[in-house]
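Enquirer: Okay, here's the structure, questions in a sec.
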Amino acid sequence: MLIIFLFFYFCYGFNEPLNVVSHLNHDWFLFGDSRSDCNHINNLKIKNFDYLDIHPSLCNNGKISSSAGDSIFKSFHFTRFYNYTGEGDQIIFYEGVNFNPYHRFKCFPNGSNDVWLLNKVRFYRALYSNMAFFRYLTFVDIPYNVSLSKFNSCKSDILSLNNPIFINYSKEVYFTLLGCSLYLVPLCLFKSNFSQYYYNIDTGSVYGFSNVVYPDLDCIYISLKPGSYKVSTTAPFLSLPTKALCFDKSKQFVPVQVVDSRWNNERASDISLSVACQLPYCYFRNSSANYVGKYDINHGDSGFISILSGLLYNVSCISYYGVFLYDNFTSIWPYYSFGRCPTSSIIKHPICVYDFLPIILQGILLCLALLFVVFLLFLLYNDKSH
């Protein structure tokens, strides 16, 4: 019976992938919002940690940059700003919900929130893919050495755009990016028959964009190397970047991990993060159930608490299907894996069917287990005979 039990244990239930975000070692960092903002407790009527989706023991480890009511996308574009800053080899994102269809943002009354959700997808796709190659992330301002007569034609009752800004195009405008390895800047246009370009004066590279389709501010997000750039357009006004995401301290490729950031079903959410988070640069984790918090309906959900609980311990392997605690055997192939990963061959096939070396190792383990049981029975028999 013991042999049968061990056989099925090793073949069908050992070291299955876990639906959590975690890390291979202590060199990790999390970017989040109120669900991981430990300082937000000071602003709450009921001062407890039930609103968190992370374990409170993580609050003072210096590995979290989070702010209630904020998101990296919102801070990138609008006057509502939090300087997300952090460094780590393995990067986790759990934010984004604070800009979604529930806020219904658009530049004009006849504009389109759908355009902004498309902008959100493009932004996070660029953020995730870049962050797989860099350890450090922060915001930087883009200075201009000329006086700019700007106008703001994009704001709502809750948000006001300040990246990019718009100026009348009367002369050439330049900006310089120095100090970081890579920058993410917006290039945005309203619906028109015009185009705009960034020219790298040092290399001659040209980055251009035109928008003749979308009835709102349509943006692409361009990764620029350090250098001096000239802004040119065929339109009567320029859109100028004022803030950039700074990527620094390059590393070997490490996929980022993204946890879905959404409301309870009573509020409208979107799928921008899952669309933006694609292999091979990003692993996406989600709960199959509705978000139902215990502090309030949008804070403290047990499913997402379970996903974030993986931050409490190191794992051996991170993959598309989940994380693996051990590096020995598994019944699920660690697809697009990173770390010290278990051996297996065919997705969703039990290991005992095909992997020859693990079968030999399992046979040795089973024989040792059998000999141990026989030895215990022998000792028990001798003890009774005396």
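Note that Cβ sites are derived from N, Cα and C of the backbone, with glycine treated the same way.
Note that the coordinates shown come from a computational prediction; the quantities given were computed from them, not determined experimentally.
Dumping what Swiss-Prot says about this protein:
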- 1-121: region 'Esterase domain 1' (REGION)
- Ser34: active site, nucleophile (ACT_SITE)
- Cys38-Cys59: disulfide bond (DISULFID)
- Cys107-Cys154: disulfide bond (DISULFID)
- Cys180-Cys246: disulfide bond (DISULFID)
- Cys188-Cys219: disulfide bond (DISULFID)
- 237-349: region 'Esterase domain 2' (REGION)
- Cys277-Cys282: disulfide bond (DISULFID)
- Cys317-Cys341: disulfide bond (DISULFID)
- 381-386: topological domain 'Intravirion' (TOPO_DOM)
Enquirer: Measuring CA to CA, name the entry from the disulfide-bonded residues Cys188, Cys219, Cys317, Cys341 that ends up nearest Cys59 (disulfide bond).
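Expert: Going through Cys188, Cys219, Cys317, Cys341 one by one, the closest to Cys59 (disulfide bond) is Cys317.
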Enquirer: Quick one: among the disulfide-bonded residues Cys59, Cys219, which has the most Cβ atoms sitting within 10 Å of its own Cβ?
Expert: Cys219
Enquirer: If you count other Cβ atoms within 10 Å of each one's Cβ, which of the disulfide-bonded residues Cys180, Cys282 has the most?
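Expert: The residue with the most neighbouring Cβ atoms within 10 Å is Cys282.
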Enquirer: I'd like to know the mean pLDDT over the region 'Esterase domain 2' (237-349).
Expert: 92
Enquirer: By CA-CA distance, flag whichever of Cys38, Cys154, Cys180, Cys282, Cys341 among the disulfide-bonded residues is nearest to Cys219 (disulfide bond).
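Expert: Answer for the nearest of the disulfide-bonded residues: Cys154.
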Enquirer: Cys277 (disulfide bond) to the residue listed as 'active site, nucleophile': how many Å between their Cα atoms?
Expert: 21
